[in-house]
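S.K.: TrEMBL lists 19-39, 82-105, 112-130, 136-159, 171-194, 200-223, 285-309, 321-343, 350-370, 390-412, 424-447, 453-474 with the feature transmembrane segment. Among the features that TrEMBL reports, domain 'Major facilitator superfamily (MFS) profile' is placed at 26-478.
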Amino acid sequence: MEGGGFVAASKVSIYEGRVTAFVICTCLIAASGGLLFGYDLGISGGVTSMEPFLKKFFPSVLEQQSKASQTENQYCKFDSQLLTLFTSSLYLAALVASFFASIVTRIFGRKISMLAGAVAFLIGSILNGVSMNIGVLIFGRLLLGVGVGFANQSVPVYLSEMAPASIRGALNIGFQMAVTIGILAAGLINYGTAKIEGGWGWRLSLVLAVVPAVVMTAGSYLLPDTPNSILERGQPEKARQMLQKVRGTQHVDAEFQDLLDATEAAKKVEQPWTSILQPRYRPQLVICILIPFFQQLTGINVVMFYAPVLFKTLGFGDDASLMSAVISGIVNVLATMVSIYSVDKFGRRVLFLEGGAQMFIFQIAIGTMIAVRFGVNGDGELSRWDANTLLLFICAYVAAFAWSWGPLGWLVPSEICPLEIRSAGQGINVAVNMIFTFIIGQVFLSMLCHMKFGLFFFFAGFVVIMTVFVYYFLPETKNVPIEEINQVWKQHWFWGKYIPDEALIGLSRNDEGRDT
């Protein structure tokens, strides 16, 4: 049995046009939406490891940390459901917001959805920075979640629709690059603000989230909407003009016809949320559920939004834990660049498979090293050599995620759905991503306390499952126009039976020898 499946090049349209400066600029501006998600991922873990922040909002955690230090149990220093609620409440709000974002994205366009998310994130950032009690703090987090839900729903779709097929992967991964830059910036800011005398540095860390929010607000206001979205809202001439501008040529008849065909198909679907449950959309539904599910079960959030807490728990000092988080953040950014370079050259499947194998190896290495040094009881410490080795293993794991499941977890779901269910598909992608981010965020510290080093073996097991799934069930989509992705599904050994012939947009022209 062959794994994955590939689409024959002769069956796919090759549109006229070139990579224009206009499309590069618009995609870079849109991708800045990833800064919202990334900054919060990085900032929350650092802030929750700062003693002044814990003293003001979570004094019970400090008391528990002191008791853990007396018993030398390194696994249970931070096991607090209230503390994890501070981090994970954002993702619960993002889950709910993603459903509303799907409706806004479809009816009013991708641009309006991005703008709404940016404004919500801006207000939430201000509230977090000035909060004097836990209620205001959590409410601010919920608004941040609304911003993340809207941005994560609309930005990847915007990028996939704007980008030419030949570099769609690279431009879409600009979103993940912005996420990694946000994480790195947050790590550097936490490292600096933790040293501020007077104990108010955590406020600066939280309020500086207004910077990516302002960037996103201004950017989304200035951006044009995608030709797909303009056409979807009944403005064909404006959509054609935008397509000509995006592609840098007046000769866009073939691509515009495919967009028209896709729009006509979309008009027949009044309820995309129920339509996506039909058998003809089974491949897209399954992928939009399992890809974000698997992405969170890689265990990456154990490292990313709890990096300083994790490093501190494993025996790194306060400064060392924050600096270690910065180092892993730098690796994250550099490895994402690898993905940008290779995703359209080697394809999605190669990166998924290699990244899965590498993550498995180093998760086992991390779990084994922690088991040897701390055992079941959590009694032990790390030598300087041990700490550096553990950091090296974690960086190797982060690198594998950053060029595989990190960016591809957002790219693939955003490019595989036909127009009529695209907003619903991306809404499901974001919702599943956020609900499992919430669950992992809420239970991770407790899992670490109870499962100990076995937690890393737990996630390694899921990495094996997801890598096998990709090998057999995910076809290659590189260089395939977004409105012709159904041809890939039709030729797949398993999914082909679900795709009706009338769903193959552009196939009749290709069979006549035009546009190929």
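Backbone N, Cα and C atoms are what each Cβ position is placed from, and that goes for glycine too.
All TrEMBL annotations are machine predictions without curation.
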S.K.: May I ask whether the transmembrane segment (112-130) has at least three C-beta pairs under 8 Å with the transmembrane segment (200-223), counting pairs 6 or more apart in sequence?
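M.R.: Since 3 or more Cβ pairs under 8 Å link them, the transmembrane segment (200-223) and the transmembrane segment (112-130) do come into contact.
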S.K.: With pairs closer than 6 in sequence left out, are the transmembrane segment (19-39) and the transmembrane segment (112-130) joined by 3 or more CB pairs under 8 Å?
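M.R.: They do touch: at least three Cβ pairs between the two stretches lie under 8 Å.
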S.K.: Can you tell me which of 19-39, 321-343, 350-370 gets the most C-beta pairs within less than 8 Å of the transmembrane segment (171-194)?
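M.R.: When the Cβ pairs under 8 Å are tallied, 19-39 comes out ahead.
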S.K.: By a Cβ-Cβ criterion of under 8 Å, what residues six or more beyond either terminus of the transmembrane segment (321-343) are in contact with it?
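M.R.: Counting only partners 6 or more residues beyond its ends, the transmembrane segment (321-343) has Cβ contacts under 8 Å with 42, 45-46, 49, 169-170, 173-174, 176-177, 180-181, 183-184, 186-188, 190-191, 194, 303-304, 307-312, 350-351, 391, 394-395, 398-404, 406-408, 411, 478.
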S.K.: Could you tell me what the rest of the chain brings near the transmembrane segment (82-105), counting residues at least six beyond its ends with Cβ under 8 Å?
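M.R.: For the transmembrane segment (82-105), the sequence-distant neighbours (Cβ-Cβ under 8 Å, at least 6 residues beyond its ends) are 40, 44-45, 48, 54, 57-58, 60-61, 112-113, 116-117, 120, 137-138, 141-146, 148-150, 152-154, 157, 229, 272-273, 305-306, 423-424, 426-427, 430-431, 434-435, 437-439, 441-446.
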S.K.: Tell me, please, if the transmembrane segment (350-370) and the transmembrane segment (136-159) are in contact, taking contact as 3+ Cβ pairs under 8 Å between residues separated by 6 or more positions?
M.R.: no
S.K.: Take a look at 390-412, 424-447, 453-474 and tell me which one has the most Cβ pairs under 8 Å to the transmembrane segment (136-159).
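M.R.: By the under-8 Å Cβ criterion, the transmembrane segment (136-159) pairs most with 424-447.
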S.K.: Could you pull out which residues elsewhere in the chain have a CB under 8 Å from any CB of the transmembrane segment (390-412), counting only those six or more residues past its ends?
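M.R.: Same-chain residues near the transmembrane segment (390-412) but 6 or more away: 152, 156, 160, 169, 172-173, 175-177, 179-180, 287, 291-292, 294-295, 298, 300, 303, 311, 314, 324, 327-328, 331-336, 338-340, 342-343, 348, 351-352, 354-356, 358-359, 362-363, 365-366, 369-370, 382, 429, 433, 466, 474, 477.
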S.K.: What average pLDDT does the predicted model assign to the domain 'Major facilitator superfamily (MFS) profile' (26-478)?
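M.R.: Averaged over the domain 'Major facilitator superfamily (MFS) profile' (26-478), per-residue pLDDT gives 87.
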